[in-house]
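Per TrEMBL, the features are:
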type	residues	note
COMPBIAS	320-329	compositional bias 'Polar residues'
DOMAIN	101-313	domain 'BPL/LPL catalytic'
REGION	310-329	region 'Disordered'
SIGNAL	1-18	signal peptide
TRANSMEM	344-368	transmembrane segment
TRANSMEM	422-442	transmembrane segment
TRANSMEM	463-485	transmembrane segment
TRANSMEM	497-516	transmembrane segment
TRANSMEM	528-546	transmembrane segment
TRANSMEM	587-608	transmembrane segment
TRANSMEM	620-648	transmembrane segment
TRANSMEM	668-696	transmembrane segment
TRANSMEM	729-753	transmembrane segment
TRANSMEM	759-781	transmembrane segment
TRANSMEM	788-808	transmembrane segment
TRANSMEM	905-925	transmembrane segment
Amino acid sequence: MKLLLLLLIPAAMAVGNAGDDPTRQNPVKKYCNRGTWGNRGCEANGLHTYCCNGKKDSGQGPSGLVPYGQAGDAQEEHRSKFLSCKALSEKGNGLGSVVLDAPKPRLLSFEAEPTFTLGRRQENLTAEQTSCLQSPLQVGLTHRRPPLTRSFIPQVMKTNRGGLTTYHGPGQIVLWPIIDMHSRLYPKYGVASYANHLETTTQRLLSELFGIQTYIARDEPGVWVSAPTGQPRKIAALGVHHRRHVTALGIAVNVDISVTGDASVNPWARFVPCGLDGKLVTSVAAEVGTDSSMGWDLEDVAGRCRPAGNRPGVFKTPHQKSLSTNTHTSLTMSSPGPALSQGFGYGIVLGVGFGFALFMIFLTHILRRFNNEVQTSEMFNTAGRTMKSGLVAAAVVSSWTWAATLLQSSGVCYRYGVSGPFWYASGATVQILLFATLAITLKKRAPNAHTFLEAIKARYGAPAHFTFITFGLITNLLVSLMLIAGGAATVNALTGMHAVAAIFLMPIPVVAYTFIGGLKATFITDYIHGFALFIIIITFALTAYATSDVLGSPSAVYDLLVEAAKAHPVDGNQDGSYLTMRSQGGVTFFVINIVGNFGTVFLDNGYYNKAIAAHPVHALPGYIMGGLAWFAIPWLTATTLGLAALALESSPRFPTFPNRMTEAEVSAGLALPYAAVALLGKGGAAATLVLIFLAVTSSFNSELVATSSIFTYDVYRTYFNPNASGKRLIYMSHICMLAYTAVICCISIGLWYNGVSMGYLYLLMGVLISAAVIPATLTLLWNGQSRWAATLSPILGASCAIIAWLVTAKTTCGKLDVECTGSNDAMLAGNVTALLSPVLFVPLFCLIFGLDKYDWKSMMEIRKADDHDVLEGSGLDAEAQRKVERASQESFEEEQRKLNKAFKIACVITITMALSFLVIWPMPLYGSGYIFSKQFFTGWITVGIIWIFCSFMAVGLYPAWESRVTLAKVVKLIVTGKKPRPVLVGEQTLVSENSSGSATPIKSESVSKVG
C-alpha cells in the first residue's frame, strides 16, 4: 500500500521539537546547486528535495521539523534560478538562443514547525487574535518512537498565496513543486489547470492508499471529504503562486494531525480555516481510525516517492493508474511534453486553416464565374440537389470521420487488442449503410425538403416538430463538442498550444469558407480533406507494417503483442491475449457503439443534408460506397496505431516509456499520437496533427450547415417568417453559424476545465439521443405511426435511459461522478434502454390513440425557398427560371420510378451488408475464442491495407473522374477567358448524367456558347 504513495508524496514525515529538543537537528543549513543529481551530502534535515531524475539531492541524515520560513527561503532559492535562467533565455545570452544547464524541476517536501500562515486576503490581525494563535500548543507526535508530546509556540507569518489563514504543523505533509508551467517539458498549464491537477492527484492518493473518497469544489480550493451529516471536512489545503509561470507553494495533506479537542491541542479551533465558516477540518488518521502506535515509515516513503525516471511529471506512479477521464489532468500527469512547438500548432490551426478558407473562397468565385453558380438559399443549404455519387461518398466518409474515429478507435484497440478496431468500425458502418434506405425514402417522400425535420412538421405538426428539433440540435451539439474538444486536446498534447486557444481558433476558418460556399463548399472540402486523410493513413500503415526499423512487418508486431499479453494480459479477453476477437470489454463497447451511432446518423441533419443534396440517381450508390469506404479508416488506423502503441510502449522511443499509458490518456485518445511519435518521430506528430485537424474541420463544417439549416428552415421560416426571401434566409443562416460556433466554443472550454473527455461524450451521446431513432425512422417508412407516438416516445425513452444510466452507475460504483457514470456498465444500460424503449412506447401510444393512416401528401407539398430576389440581384432571369421549374415537373414521375426501384435495391443490399458486418464476419471468431496465428494476423493486416487502397480509389480518385467533364469545361473557360453557356436548373437536371451540376438559372443577357 505504501507504494501507492509514489502517486503523490515524496515526503519526509519527520517530526521534531522546537528549541533545544534533540529531535530537531539544524534543518535546512544549505541547499545543493542547480543541476545537482543524486545525493551530494547536502545538509537539509527534514526538508527533502527531488530533482527531475527522481533522486533526492538534499535531506540527508535524521529528519526534523522545518521552520516554515526557512522552507520558504529554500523554495525561493530554487525558484530564483528558474527565473534567472528564463530571463537569460528570453533576452539572449551572447550564445544565440541557447541556454546551458537549465534548472531541473524540483519537488520540496517537509513537515513544518507549528505555523499559522496568512494569505493576501487576510486583514491585519489584532493583538488579541495574534496572542490567541501564538498561545502554547500541545502537539502529539504519535508516529515517533516512542510517541512524544511537546509544547510549541506557533509562528504567525504572512505569505504570498491567496486566501485567508491556514495552519501547518507536525503530522501534515507539505508538498511544493517548483516547475515552469510554460516549459517545453510540460503541456502549457494555466493556474486553474495546474491547481486542479494538484487537487485531483491528491484525491487519487487518498482513495487508493487509504480508501478515503473525496471531492473538490469549484469555489473552495482544496480536497474535501463528505460527512454523513452533510457538513464537509477539508483534508488537504491548496495554495498556488507563480511568478512568470514558475510555481511556488502547493498542497498540504493532513495525515496524523489533531483535528479535535479545544484550542490547547487543536490548532484549527483557534481560527476559521481559510475563512470557510461552517466547514470542518479532518485528517487521514481521523477518517480511517489509524492506531496511534502504528508509526509512519517516513524515510522509506521519502526515498521512493519522486518524479519518475527522467520524465518531468509533477507527481508520478510507476503503475500509471488512471485518475479519471479528465483529459487535461491525464496530460499533465504523464505526458512527456509536446513533440512539436507551439508555433507549429498555431501554424497548422491558423496557417492551414485560413489558407484553406481562402482557397475555398477563390474556388467559390471560380464556380460562380465559370459554372453559372450563384449562392441562393437553395444552393447554400442543398447544393442544388445535384451532387453525384462520388462526391456524396466523399462527403459521407469525411463527415463520419471525426477526431473520435481516429483517436477513440485507437484507444479501444489499445484496451482490447485486434477486436477493438473491428468492433468500432463495424458498429459505426452499419448505420451509414442502413441510412441509405432512409435517404432514398426521404428523396421520394419529400423531394423539396431542406431538413428531415420539415418532413416531421408536415406529417405530425408542431408538437412532434419541437420534440425532434430538440433531439436534432442535441445531436449536432454533442457531435460538435466531441470534434472541437477532442481536436483541441490533441493539438495541446502534440504542440503545447493552449487548449482554449485551439478551441476558439479551429472553427474560425471553417466558418469563413462555409459562409461563402454553403453546403457545396462542404462537399468540396470533404473531398479534399478525405484525399489527404487517406494519404496519411496509408503512410502510417505502410510504415508500421513494411518500412519501420522497429516494427516493419506484421510478424514483428505479432511477436511484440504476444509479449505484451504476457506482461499485462487483458481482463475479459481469451487467455488475456490481444490477438483474439473474444473480448468481453470489446463486445460491451460494441453494443454501446452501435446504439450511440444510430442516433448520430439517423438524427444528425447533416446526413439528411447530403441525401437532399444528392441527385436522385446518385443517393443510393453514394451512401453505399461511402459506408464501405469509411469502414477501412477506423479499422486500419486503429489496427496500425493502436497495436503499434501496445507493441512499442516497452521501447525507449515510446513517449511514456518505461511506463504504460494511463487510462485517462487512453480515454483522451493519445494512443494514436504517441504511437505516431514512436514510429516517425516529429514527422509522426506533425502527420497526426494534420490528420486530426482535417477530421475536425471537415466534420464541423457539416455540423455548421446542418444546424443553420434547422434554425433557418425549421425555426425561422416555419414559425417566424414563412414568406422570408432568399436573401433573408441566407442572412439567417449566417447569423446561426456565428451564434452556434460561439456556443460550441464556450461549452468546450467548460468541458475542458471540468475534465469531461471526448471518450466520455462519445459513450454518453446514445443515452441522450437514441430514443428518437425508431420514431424518426418510422416517420418515413410507416404510415401507421400516430403523432402522439412520435411526439412522446422519444421524451419518455430518453427519460428512462437517463434513469437506467444513473441508477446503474450508482449501484455498481456507489457514487455519481465522471468516472462512475462513464463506466461501461452504466453506459451500456443507458444506451440500450434509449434505443429499445420506443419498441414498447410506440405500439403503446398507437394502441391508445389509434393508428394513423397517413397518405404522404403533405410531405410532397413542402416548398422550396423563394430565391427570385437573389436571382434578380445577380442579373439572372427569374421568370425564365420559373418556366424551367414548371417544365422540370415532367421528369418528376420518372424520378419517382427510379427511386422506387432504388428503395428495393437498397433494402436488399443494406440489410445483407449489415448482417455481414455484425454477424457473419465477427461472430464465428468471437464464439470460437480463436487466438490469431501469425499467418492469420498477417492476412488480417493485408486485407485492411487492400481495403484502404480501394477506399482511396472510391472517394479519392473516382469523384475527380466522375466530374471530369465539368472540370475540363471550367479549365477551358479559365484559359480562354470566355463566359460559360447558361444552363437552367431544370435543364441541368435533365443532363446531370454528364455533369456535376449547376443549380443556378440563366442570366438575362446574351452569352456566348462554348465549344
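Note that Cβ sites are derived from N, Cα and C of the backbone, with glycine treated the same way.
As the structure is a computational prediction, the values presented were derived from the model and not from experiment.
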Feature contact check the transmembrane segment (905-925) with the transmembrane segment (788-808), CB under 8 Å, 3 or more pairs: no
Model confidence over the domain 'BPL/LPL catalytic' (101-313), averaged pLDDT: 74
Residues of the parent chain within Cβ reach of the transmembrane segment (344-368), under 8 Å, 6 or more residues beyond its termini: 374-375, 491, 494-497, 501-502, 505-506, 508-510, 512-513, 516-517, 520-521, 524-525, 528, 686, 689-690, 693, 697, 970, 974
Listed stretch, out of 528-546, 620-648, 668-696, that has the most CB pairs under 8 angstroms to the transmembrane segment (422-442): 620-648
Cβ pairs under 8 Å between the transmembrane segment (905-925) and the transmembrane segment (620-648), at least three: yes
The transmembrane segment (463-485) and the transmembrane segment (729-753) contact flag, 3+ Cβ pairs under 8 angstroms: yes
The transmembrane segment (620-648) vs the transmembrane segment (668-696): 3 or more CB pairs under 8 Å: yes
Interface-richest range of 528-546, 668-696, 729-753 toward the transmembrane segment (497-516), CB pairs under 8 Å: 729-753
Long-range Cβ neighbours of the transmembrane segment (668-696) (under 8 Å; 6 or more residues past either end): 325, 327, 330-331, 335, 339-340, 344-345, 348-349, 352-353, 401-408, 410-411, 413-414, 483-484, 486-487, 489-491, 493-495, 506, 529, 532-533, 536-537, 539-540, 543-544, 548, 550-551, 637, 640-642, 644-645, 648, 651, 653-656, 661, 757-759
